[in-house]
Amino acid sequence: MNENYCGRPTFIRIWKKGSVEQFSPAPYLATLINCMVWVVYGLPMVHPNSTLVVTINGTGTAIEIVYLTLFLIYCHDKKKRVKVMLIVLVEMIFIAGVTALVLIIAHTTQRRSMVVGIIAILFNIMMYAAPLSVMKLVITTKSVEYMPFFLSLASFANGVAWTAYAFLPFDPFIAVPNGLGTLFSLAQLLLYATYYKSTKRIIAARQEAKMEMHLSEVVVNGDNNDPKKNSTAP
């Protein structure tokens with residue numbers, strides 16, 4: 001289900017720096033297709049009385065499109081930019097194909113719900129697992145700088161909320177992926193807590209190194225502009 005990922009802090013940073021740096025587009029791509037699948041699942045001709053599912057995930061689809069657009073604008077790697085655009089195109093074609101096939105082949109809402117529900121489970125789990133793609137980077141660098149905290153926190157809260165919703169009444173297609181998603185998100189939060197202090201030290205050391213470099217440049221430039229040192233004997 002859609003969680004909107006609380007991506008604003010990440011994209012504010014990207015906008016200010018004018019670069020996506022080492023941020024991964026995987027969570028946003030996974031969330032986009034996940035939201036679109038759940039929109040299909042919540043359609044009246046697929047799973048009646050699912051207005052909440054359609055409205056929330058419809059909004060999430062729009063938000064993820066905005067996020068990915070910003071990612072493409074500030075991504076300076078041409079190959080990565082093309083790759084993201086191709087993935088989005090494939091996702092759109094896939095959703096259109098699934099929708100058409102389900103409506104044509106399955107003739108009851110029960111069958112349609114089962115087919116789309118199974119697909120939704122797979123993509124819902126992928127959405128929750130997508131942020132785990134940066135876990136190797138986190139463990140290698142001992143830094144969570146590129147694993148946004150609010151993304152993991154929103155993922156955890158989203159999983160808990162939708163798992164509770166799945167029991168009113170019980171819907172296994174919502175309960176299973178969101179229950180697993182809650183565990184994935186908890187793992188991300190534990191990883192964040194583990195490397196939070198080391199991240200602070202790494203960032204502080206980097207800033208100190210930049211300041212020292214800046215001071216060195218000031219001293220060098222100051223010496224070059226000193227008329228006494230630059231003057232020559234008559």
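Our numbering is plain: 1 for the first residue shown, then up by one each step along the chain.
Glycine too: its Cβ is placed from the backbone N, Cα and C atoms.
Panel annotation: around the transmembrane segment (26-46), residues 1-3, 5, 7, 52-54, 57-58, 60-61, 64-65, 67-68, 71, 84, 87-88, 91-92, 94-95, 98-99, 102-103, 109, 112-113, 116-117, 119-120, 123-124, 126-127, 129-131, 133, 151, 173 of the same chain, lying at least six beyond its termini, place a Cβ under 8 Å from a Cβ of the stretch. Per TrEMBL, transmembrane segment is recorded for 26-46 (among others).
Per TrEMBL, the feature transmembrane segment maps to 52-74 (among others).
Using a Cβ-Cβ cut-off under 8 Å and counting only residues 6 or more beyond its ends in the same chain, the transmembrane segment (86-108) has close neighbours at 29, 32-33, 36-37, 40, 45-46, 68, 115-116, 119. Look at TrEMBL and you will find 86-108 (among others) tagged as transmembrane segment.
Residues annotated as transmembrane segment in TrEMBL: 114-134 (among others).
The transmembrane segment feature in TrEMBL is assigned to 146-168 (among others).
Per TrEMBL, the feature transmembrane segment maps to 174-196 (among others). For the transmembrane segment (174-196), the list of distant contacts is 1, 120-122, 124-125, 127-129, 131-132, 135, 138-139, 142-144, 147, 149, 152-153, 155-156, 158-160, 162-163, 165-167: same-chain residues at least six beyond its ends, Cβ to Cβ under 8 Å.
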Same-chain residue ranges lying at least 6 outside the transmembrane segment (114-134) that approach it to Cβ under 8 Å: 1, 24, 26-27, 29-31, 33-34, 37-38, 40-41, 46-47, 98, 102, 106, 146-147, 151-152, 155, 159, 172-173, 176-178, 180-181, 184-185, 187-188
